[in-house]
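According to TrEMBL, the protein carries these features:
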{"type": "DOMAIN", "residues": "43-186", "note": "domain 'SIS'"}
{"type": "DOMAIN", "residues": "212-274", "note": "domain 'CBS'"}
{"type": "SITE", "residues": "Lys61", "note": "site 'Catalytically relevant'"}
{"type": "SITE", "residues": "Glu113", "note": "site 'Catalytically relevant'"}
{"type": "SITE", "residues": "Glu154", "note": "site 'Catalytically relevant'"}
{"type": "SITE", "residues": "His195", "note": "site 'Catalytically relevant'"}
Amino acid sequence: MGSLSAETLALVNPKDLEHLFRAQQKYLNYFFENLDLAQTLDFTETLLTSEGTIFFTGVGKSGFVAQKISQTLVSLGVKSGFLSPTDALHGDIGILSRRDVLVFFSKSGNTEELLRLVPCARAKGALLIAVTSSERNGLSGVCDMNVHLPLERELCPFDLAPVTSTAIQMVFGDTVAIALMEARKLTKEEYATNHPAGRIGKSLIFKVKDVMKKKEEIPLCKEGDLIIDQLVELTSKGCGCLLVIDDEHHLIGTFTDGDLRRTLKASREGIFKLTVGEMCNRQEL
């Protein structure tokens, strides 16, 4: 099918868009109202008591969800990883041990690549769990545990594109992850150590001394220095300003990038004769 011209494309009808969101809400509510909490509890407690690594696997969109859930667990301090079903059959399955858990994410439960992986993973002694949305499927019959994720239908008008099924997989996996977080009594400080570059990590882990500029990193100058001679110091330290100090290293004032622009505009060639001390900011110092 060729590309459609702008003239042939219909505008999005606001009522149709609202209908889609309401329909998706209805399908998600179906999942929440029909989820087997006993199954979910068994699944969560199995992950909680696992002595090894919790591996996730899946194909296509379910594979992306499996990777995301694994990464969420890792961020919470849980040993986890994603095992590609294709790569597993070409050597990567060597990472599995009898202490591990392998969780299969699949809407249909009949994905050929996953079914081929089952006997190989079982030979390694890992506990196998199927998370599927079909009542009767191949995976649920060959795994040690099965969790059914109720799916009324896909939002797709053809009931084909996996948009609702992946949404409930994500909701399920992330909710279980938080349940594990609470059961493990993970503290905010422990969470922060796993996110050192994030806002929480920076606020709880790093001290001022860890991020402050030190010695040669600080852009310093004397008030008698010519502005023109301090341009490299002003621009190379990445601070956007010069700290103007006296002979005893007491702070006198600051001279910023903005001050440089304003001085250049007002003085033009006269800037070559001006000192930093003449133009620096001394307010409230």
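Every residue gets a Cβ built from N, Cα and C, even glycine.
Heads up, TrEMBL stuff is auto-annotated, nobody curated it.
What TrEMBL annotates, mapped onto the structure for a quick look.
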{"residue": "Lys61", "record": "site 'Catalytically relevant'", "Cβ neighbours (10 Å)": "16"}
{"residue": "Glu113", "record": "site 'Catalytically relevant'", "Cβ neighbours (10 Å)": "17"}
{"residue": "Glu154", "record": "site 'Catalytically relevant'", "Cβ neighbours (10 Å)": "20"}
{"residue": "His195", "record": "site 'Catalytically relevant'", "Cβ neighbours (10 Å)": "14"}
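For His195 (site 'Catalytically relevant'), the nearest neighbour among the listed recorded sites (Lys61, Glu113, Glu154), judged by C-alpha distance, is Lys61. Averaged over the domain 'SIS' (43-186), the predicted model reaches a pLDDT of 97. Mapped onto DSSP helix, strand and coil, the domain 'SIS' (43-186) counts 66 helix, 23 strand, 55 coil.
Glu154 (site 'Catalytically relevant') and Lys61 (site 'Catalytically relevant') are 14 Å apart (CA-CA, integer value). Under DSSP, residues within the domain 'CBS' (212-274) fall into helix, strand and coil as 30 helix, 15 strand, 18 coil.
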